[in-house]
Amino acid sequence: MSSSNKGKDIVPGSSSSSTRSSSAYPPSDHHHHHRNLNPQPSPPPSTHQPLSRYESQKRRDWNTFGQYLRNQRPPVALSQCNFNHVLDFLRYLDQFGKTKVHIQGCLFFGQSEPPGPCTCPLRQAWGSLDALIGRLRAAYEENGGLPETNPFASAAIRVYLREVRDSQAKARGIPYKKKKKKRPLLMKPQFNGETSNHNLPLQ
């Protein structure tokens, strides 16, 4: 089992890695703060330096979210987006997930390595969604959004991600341990190989 699942399986239609993208989409120019929220970031500088993997993925995620809003009936302007649209987007992405999440009543519920197949649904892994929200939160402000109106930074999003993390850990038999606060004056931090809360082995 690998703990490096963050950022995988997010872009609809992509492979299991985060190296493929959705197509680019035309920008939206409406914003009630007179700052443009643009779902298609401007091209990189003319220095011909390639974007980092993180920056490339962030651009693809931003484009995908912008297209998702435009596909709503009626379409939603980025300036009118709120945390409910973000929650709907996260649930929409589950259909493209590759992480088996056992349901209550499944013989393999709570088993991290089930001995056989089952009909439980595939979902986006918590680590993937957590990384996605981090990229979109940054992209929103980089493209003209105000920090105080950032829907990706909403408390409701944090609650949703925590619920997904806890439910997936329980369904897959993965114990979750909160990181203990370091007490440098009393003891030295111990590195015993425990998994941090940002690297749950959900895949």
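Note: Cβ is positioned from N, Cα and C throughout, glycine not excepted.
Any TrEMBL annotation is an automated prediction that lacks curation.
Quantities reported herein were computed from a predicted structural model and do not represent experimental measurements.
Residues or ranges marked as region 'Disordered' in TrEMBL: 1-57, 171-203. Annotation source TrEMBL lists compositional bias 'Low complexity' at 14-23. Feature annotation from TrEMBL assigns domain 'ALOG' to 53-180. Sequence annotations record features per position, and here TrEMBL assigns compositional bias 'Basic residues' to 175-185. Residues or ranges marked as compositional bias 'Polar residues' in TrEMBL: 192-203.
Mean pLDDT for the domain 'ALOG' (53-180) in the predicted structure: 91.
Secondary structure counts, DSSP: the domain 'ALOG' (53-180) has 75 helix, 4 strand, 49 coil.
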